Amino acid sequence: MEDETKNLISLIALLLSSLGYSYVSATYMTKGLTRVLFLLPTFYLLAIFPWYFTSSLVRGVLSFFITWIASFKLLLFCFYKGPLLASRNFLEFVAVAIFPLKIQENTHPSSPVMVARYELVTLFNKPYLATSLQDFWGRRWNRLSSNILRQTIYDPTQNVLVGFVGAGKARVLAMVTTLVISGVMHELMFYYISCGTRPTWEVTWFFVLQGISMAFEGALKYLARVKGWTPVHPTVSNVLTLAFVSSTFSWFLVLPVWRSGRNDCGFRPKILPFREYIDHSKPFQLL
């Protein structure tokens, strides 16, 4: 127990040190690819961080908040975008990078001084009321990842493509691309949860299917408007949306985890060097 506590403290210190390096480096490096290159050690640490914990649940949570969300926030920060820009000191930088927080700057009515207000990001906005796939994924389900993906994938992709294929096609292609990247990141999370079991890519295909279905849904809505068809009742749309999402979720996401049957990877959360503490009898594959 004492060794595990020391290892946990060492891991937290290493994480804070890497974020400190990122925070300080940003003041000396120009935004863009130069800053990304200098932050590669931090991105690497965030990628391997969950492997130091044996619990599948803990690794799943850390892979989402640390490996995925924090990395994408840092990526935005490299290009002088995203929520980390509102950080006025290192403690705020760490808090916003790791936790689902945002800082809202509000000017007091009687004073020009800016007052920072911390606010938890709303993860879910009543997804059971969704009346379409676009409503479910775009406005109601996991708002944290949706916002990050919009800033890092959707907006840049749409801006690049709009001059080549037009606004309408650019939106569709950007949406599908975003869902594909989301699928890859979820596949990575399941890779951590299943102790490094070789990916089946079912998780990725789930999000690819959602993206294609959303494009098809949008095309149907456009056709309905052109033809003057009577809109589907919201209750029917709600039932159909939830039925599609839940059935595909069960098939592509629940079954892979169920088949893996892994709750513990069997190696201890030692600090460094990493490879010395891996139980090679388990199907762990970092590379």
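Glycine is no exception: its Cβ is also placed from the backbone N, Cα and C atoms.
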Give the range, chosen from 6-24, 82-100, 120-138, that TrEMBL lists as transmembrane segment.
6-24
Do any residues of this chain, six or more beyond the ends of the transmembrane segment (60-80), have a C-beta under 8 angstroms from a C-beta of it, and if so which?
15, 22, 26, 31-33, 35-36, 39, 42-43, 46-47, 49-50, 53, 96-100, 144-145, 148-149, 151-152, 185, 188-189, 192-193
